[in-house]
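J.: Have a look at this one before I ask anything.
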Amino acid sequence: MSAPAMGTSKTAHSDSSNKRKKGPGTLAVAYLVIYNVVMTAGWLVIAVGLVRAYLARGSYHGLYYSIEKPLKFFQTGALLEILHCAVGIVPSSVVLTGFQVLSRVFLTWAVTHSVREVQSEDSVLLFVVAWTVTEIIRYSFYTFSLLNHLPYLIKWARYTFFIVLYPMGVAGELLTIYAALPYVQKTGLYSITLPNKYNFSFDYHTFLILIMISYIPLFPQLYFHMMRQRKKVLGHVEEYSKVE
């Protein structure tokens, strides 16, 4: 939130604040509720698919294949969240939302889909499970918030489960990219070599390494940001409980 401009009258500031705080219209809210319900249901389908496949096989190896299609569909469907921010019906940062969504879509399509050799890796299941639990909670949180009827349990889960799920997901993502490196280097996947008419080269193998390195500064920032949000949202409730 930005600080109010110096020298602005209280009335003008109040009017502008009311305009800024005004939420999406009725149609936008209805659309967002439907979107979040569908996304919640989609990730529940993925969760059920994982459990059923595990019970049928008796092993967690290769469970990715049982949920590959719904995972691609619903993770790609998250791209609409960037549009929601861009048009203003969701008051979140377009840049931050874009980074979070595109990183997952990239891992889904440009790594896991494109390098089929990694699909049987346990690391894929690691991030898929982390994503699945996270998204069921997140979309449920958004749905109930839009309906102005947010159960405390979902609110608590939203700001608590990430403590384990976020590092778990990041570990799975990094290990999957790492597992893909030898195959990318061997096949020259998505790489462009010289000479060519555009006089441009691109090494996808190096690009993936740079992405892995980018996790070093970005992960702590996002993780501790969520920790601060947790303290802000749940802190007063926990302090009240201690007093009682």
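Just so you know, glycine gets a Cβ as well, placed from its N, Cα and C.
Keep in mind the model is a prediction, meaning the values are calculated, not measured.
So TrEMBL lists the following for this protein:
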type: REGION; residues: 1-22; note: region 'Disordered'
type: TRANSMEM; residues: 28-55; note: transmembrane segment
type: TRANSMEM; residues: 76-103; note: transmembrane segment
type: TRANSMEM; residues: 159-184; note: transmembrane segment
type: TRANSMEM; residues: 204-224; note: transmembrane segment
J.: Cβ under 8 Å to the transmembrane segment (204-224), counting only same-chain residues 6 or more beyond its ends: which ones?
T.: 111, 166-167, 170, 173-174, 177-178, 180-181, 184-185, 188-191
J.: Taking residues 6+ outside the transmembrane segment (159-184), which of them lie with a CB under 8 Å of any CB in it?
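T.: Distal contacts: 107, 111-112, 115, 117-118, 121, 123-131, 133-134, 137, 190-191, 204-205, 208-209, 211-212, 215, 219, 222-223, 226-227, 229-230, 233-234.
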